[in-house]
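A quick write-up on the structure given underneath.
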Amino acid sequence: MTDYPIKYRLIKTEKHTGARLGEIITPHGTFPTPMFMPVGTQATVKTQSPEELKAIGSGIILSNTYHLWLRPGDELIARSGGLHKFMNWDQPILTDSGGFQVYSLADSRNITEEGVTFKNHLNGSKMFLSPEKAISIQNNLGSDIMMSFDECPQFYQPYDYVKKSIERTSRWAERGLKAHRRPHDQGLFGIVQGAGFEDLRRQSAADLVAMDFLGYSIGGLAVGESHEEMNAVLDFTTPLLPENKPRYLMGVGAPDSLIDGVIRGVDMFDCVLPTRIARNGTCMTSEGRLVIKNAKFAEDFTPLDHDCDCYTCQNYSRAYIRHLLKADETFGIRLTSYHNLYFLVNLMKKVRQAIMDDNLLEFRQDFLERYGYNKSNRNF
């Protein structure tokens, strides 16, 4: 690859950890890192307008290749002028490869060297996704950052299976690079796999780094392993990745996991967590999680989070938001979703300042002491 639509600029490494302060330059703008990326599965972040996402400070959003391929179709989106125009978002977009959804949503999967045959989860029809097809779909979507097609083995699968899987993923990555028809305006990332096996992560990283991708994703985590196991994998994986390229931890959105990922040198994160739990009335606050539907909030006229300056907390009370959710009013979900997204995007803003000030470990301790991390919050 001779041209570089995606560029990473390292501004500072924190003195006491591997945390990196930087920025990523894309064809649709520059965003600071570390950054949490809201997920817009169906070309929309659920209940949020583009204007609201900009007010939150979302410098980049993620959309899902698998879902947009099935509905409304990548060719239709291309005819509309590309995903940015289709959804009226003029800032950077990252698309995944569709691989994770194939393995997690689709039925009757059959994995071969050529690709994956599976049943469409919407109508049961037979579908086939190959490395070349995954790249073609993303080329049609026109995202700024694309992902190679990979297999995401379960964390506790046997060693021999995972070894064969990562070797196939490396061959798929090479095929995807060759199929990429828009290298001048779309950056392609490779995805490091290997479950919890250090030697396989090392092999996967070496294969992909040799292909000179514009960035590297760490896949196969946040799939049921413990927080400690995730950190252990990051401890031996991120040092294998080039310092001059972005590092992206896929599918992670719990506050402690974000901070611990940053400490280990990760630059980008995404997760559906903030909007998913918001729809059930669970809110992230500086004092821990808050389940707003609880009866004790029926006459609580204070904000969701006393330390939050988001639109929701500046204008609406716990009692009002609880009323909306109990009445099944969509506006309640909009308010809780806005708040949760703001909470994580703003957390990353505070993390960036802590890196600048060389006090990230102190920030982590103070944050988690207030947040009250325990087993009940661990998956939150």
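Note that the numbers count up from 1, one per residue, in the order the chain is shown.
The backbone N, Cα and C atoms fix where each Cβ goes, and this holds for glycine too.
The Zn(2+) site recorded in Swiss-Prot comprises Cys308, Cys310, Cys313 together with one of His323, His339, namely His339. Residues Asp96, Ser97, Gly98, Gly99, Phe100, Gln193, Gly220 are given by Swiss-Prot as substrate binders; from Asp144, Asp150, Asp267, that same site also lists Asp150. Distance from the CA of Cys308 (Zn(2+) binding site) to the CA of Gly98 (substrate binding site) is 35 Å.
The Zn(2+) site is set by Cys308, Cys310, Cys313, His339; from the centre of their CB atoms, other residues of the chain with a CB within 8 Å are Pro303, Leu304, Asp305, Asp309, Tyr311, Thr312, Gln314, Tyr338, Tyr342, Phe343.
The substrate site, placed at the center of the C-beta atoms of Asp96, Ser97, Gly98, Gly99, Phe100, Asp150, Gln193, Gly220, has further neighbours from the same chain whose C-beta lies within 8 angstroms: Tyr103, Met147, Ser148, Phe149, Glu151, Cys152, Ile191, Gly219, Met250. In this structure the C-alpha atoms belonging to Ser97 (substrate binding site) and Asp270 (active site, nucleophile) are separated by 14 Å.
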